[in-house]
């Protein structure tokens, strides 16, 4: 089966679960910082040509369901906004709602530093909940601001679509067992428990086919 058809099937299964609250998270397309293994949080980086191609590849899976999502939200950073616009076929502006709570972690003084230049102690913890960005956030703080958005907006049964960042998405899935960042333009489907106000389970994880994906941190 074509891998994009597999993603389409996953999304269709989400849409056809009207008695639960589901969230489809999509990571933005490749950026220059991804390509150069540079730490990038709140920096408003641009996507590469490859990143735009990746977002365009998602169009075949997302467009058929564009009007069936309960809500479509995106980080207000350009790389996420452009991924949303491209992968949804440049819909009317009112469809996609920007929210800064879906931003990547604020890496503070580590922002725009090459990963290779970090000291070993920082490398060992930067992608764990032990990390405190100097002058920035902890992963727990980033997770909590995103969960505030989810608790506020995802108050009906159905499926919500959210465009965000690798680290932020990982902070949401971390306690459910997915503790590595998904690929650029990768997707993860989650079930949200409205009563407990927490994520219940991972329904699927989908990574962009290898020929469309570049190595990144």
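Cβ atoms here come from the backbone N, Cα and C positions, even for glycine.
Not measured: the values here are computed from a predicted model.
What TrEMBL says about this protein:
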type	residues	note
BINDING	27, 28, 29, 30, 31, 32, 33, 34, 79	substrate binding site
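Here the features listed in TrEMBL are painted onto the structure.
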residue: 27; record: substrate binding site; contacts (Cβ under 8 Å, 6+ apart): 83, 163, 164, 165, 166, 169, 181, 182, 183, 184, 185, 186, 187
residue: 29; record: substrate binding site; contacts (Cβ under 8 Å, 6+ apart): 47, 48, 50, 51, 52, 53, 54, 55, 79, 82, 83, 86, 184, 185
residue: 31; record: substrate binding site; contacts (Cβ under 8 Å, 6+ apart): 40, 45, 46, 47, 48, 51, 79
residue: 33; record: substrate binding site; contacts (Cβ under 8 Å, 6+ apart): 39, 40, 43, 45, 112
